[in-house]
Amino acid sequence: MADKLVPSSPADASEPLFSFGVIADIQYADLEDGYNYQRSRRRYYRHSLIHLQGAIEDWNKESSMPCCVLQLGDIIDGYNAQYKVSEKSLELVMNTFQMLKVPVHHTWGNHEFYNFSRDYLASSKLNSKFLEDQIAQHPETTPSENYYAYHFVPFPKFRFILLDSYDLSVLGIDPSSPKYEQCMKMLREHNPNVELNSPQGLSEPQYVQFNGGFSQEQLNWLNEVLTFSDTNQEKVVIVSHLPIYPEASDSVCLAWNYVDALSIIWSHKCVVCFLAGHTHDGGYSEDPFGVHHVNLEGVIETAPDSQAFGTVHVFPDKMLLKGRGRVPDRIMNYKREEAL
């Protein structure tokens, strides 16, 4: 919608309540440039680190310093595992992040699981759960250790929730485990192809091996947190590697059970924005319930003369995404409260 891309009021010039940075799909590898699986888009494996350095330099000198940065997953490329340099590449990227003056919240994508097991990630620097906020009086809002998700409060009356969109997945877990068997059964029920990464002929093309989903346990937890946020009159931003809204994403990139996640979000009034990566070419749509779904353009497919990151400035009535390079600016107005 065109009206989302133009300033809506003179208040745009006022100071934001707070700001935060967003970046997705860095997918660094010490490799020559290559192409995506369809060989239709170029990938700049080495230059992604230079893009990250540029983003950090920008964030560090912004007048409205971000309170944190959301890293939306796929921090290093799966090729690192083939060359047995996963730990080395991760260390290089994490050392680059050390130059940033604010905390980073990391989500986990498919490329994390091409390189590392879930157990490894849980004890790595990519586990940013230590940054979570807990609601002491409401233990039901404390996440289980069975999935990687948490919530935090960057500013009073705003809550950010990081989801684990590979909670249901055949990636990164022991093939002899019951959960692997359960997830493989689920995948094969929806995808009869020999090549499980192929969506060919599928009525639900999101059921491919490079995607995943949300367990009922995690969805129940999400529902509890959103219930608290409704009661507490908070505005909520949800963060996930995988997108959940078809109008904002290629259907082959959606979370397996995106419908279940949407139905919970739509049963609450507090969610204002859902941020995801994974698609690389970006996407945006406002759903019928006024939730803004933003899929961030991926660093990995961004030419050396461009950029792909953004800063979101948060105001009492809206969020303004100030994009860099191929990330477009967006004005995301909060849905109006229904008249009493």
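Here the Cβ of each residue, glycine as well, is placed from N, Cα and C on the backbone.
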Listed co-binder of Zn(2+) 1 (same site as ASP25, GLN27, HIS280, source Swiss-Prot) among ASP74, ASP230, ASP329: ASP74
Recorded Zn(2+) 2 site member, picked from ASN95, ASN110, ASN220, that accompanies ASP74, HIS241, HIS278 in Swiss-Prot: ASN110
Residue pair HIS241 (Zn(2+) 2 binding site), ASP74 (Zn(2+) 1 binding site) - Cα distance, angstrom, rounded: 8
For ASN110 (Zn(2+) 2 binding site): DSSP state (helix, strand, coil): helix
Alpha-carbon spacing, GLN27 (Zn(2+) 1 binding site) to ASN110 (Zn(2+) 2 binding site), which is rounded to whole Å: 11
Spatial separation of ASN110 (Zn(2+) 2 binding site) from HIS280 (Zn(2+) 1 binding site) - C-alpha basis, Å: 13
Binding-site residues listed as HIS278, HIS280, least Cβ neighbours within 10 Å: HIS280
